[in-house]
Amino acid sequence: MDTLRVEVVTLFPEMFSAITEYGITSRAVKQGLLQVTCWNPRDYTTDRHHTVDDRPFGGGPGMVMKIKPLEDALASARQATGAAAKVIYLSPQGRKLTQQAVKGLAEQESLILIAGRYEGIDERFIEAHVDEEWSIGDYVLSGGELPAMVLIDAVTRLLPGALGHVDSAEEDSFTDGLLDCPHYTRPEVYADQRVPDVLLSGNHAHIRRWRMKQSLGRTFERRADLLESRSLSGEEKKLLEEYLRERDDS
């Protein structure tokens, strides 16, 4: 009997008792079909306050999760489950989690889920370590734990022996909107990767323009359907064209 191993990087591991102690997923754990292990980035900090977040470069509200505690927690998860495990970040910027996508994930031997908090996680962690980003809808939650539990629940239902049949319920559609821009926090340089200069400039007008351009570009590349019902202003069209020119020239 195969066991799906799910490693979760989260600041709130106790939340996942909802998966391991209740319902179909709990039964799957008891049957040996599912194993869920949590890794808390706070356990990998070195300061007395166990700091896992910092202010975003370029200003703005909220905090951004720091890269080093995330990397160290991920390293432990990889060691436990194997380097081949797919790393998934639960994010409103990700692709829509459909039943077809869940079927593919259910075929994996192991998964590593990253549950963010605050304004998100340092973009450099995503670029370096995340294989896929998945979203459960175009709405705001306090963190990635609930989406991670949704994914685990949906995948578990497709494991042979967990249900006795496959649930093929349809997923709800997204509402319209733009995806978020990249976020960065300290350090300014990590593994030879620099934060974009505009975010260090202190010029708030330039920062706002850069963020809107990145948001438009990401939406065009990842969720072009969201732009179909959105009327872009002249400035937004100009920014999107500029983004595409810069992308093609790079």
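Cβ atoms are placed via backbone N, Cα and C, with glycine included.
Record features, source Swiss-Prot:
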type	residues	note
BINDING	Gly116, Ile136, Gly137, Asp138, Tyr139, Val140, Leu141	S-adenosyl-L-methionine binding site
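Projection of Swiss-Prot feature records onto the structure.
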{"residue": "Gly116", "record": "S-adenosyl-L-methionine binding site", "Cβ contacts under 8 Å, 6 or more apart": "Met65, Tyr89, Leu90, Ser91, Gly143, Gly144"}
{"residue": "Ile136", "record": "S-adenosyl-L-methionine binding site", "Cβ contacts under 8 Å, 6 or more apart": "Leu90, Leu97, Pro147, Val150, Leu151"}
{"residue": "Val140", "record": "S-adenosyl-L-methionine binding site", "Cβ contacts under 8 Å, 6 or more apart": "Pro92"}
{"residue": "Leu141", "record": "S-adenosyl-L-methionine binding site", "Cβ contacts under 8 Å, 6 or more apart": "Pro147"}
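When Cβ neighbours within 10 Å are tallied across all protein chains shown, the highest count among the binding-site residues Asp138, Tyr139 belongs to Asp138. The maximum pairwise C-alpha distance among Gly116, Ile136, Gly137, Asp138, Tyr139, Val140, Leu141, the residues recorded as binding S-adenosyl-L-methionine, is 16 Å. Of all Cβ atoms in the protein chains displayed, 16 besides its own lie within 10 Å of the Cβ of Gly137 (S-adenosyl-L-methionine binding site).
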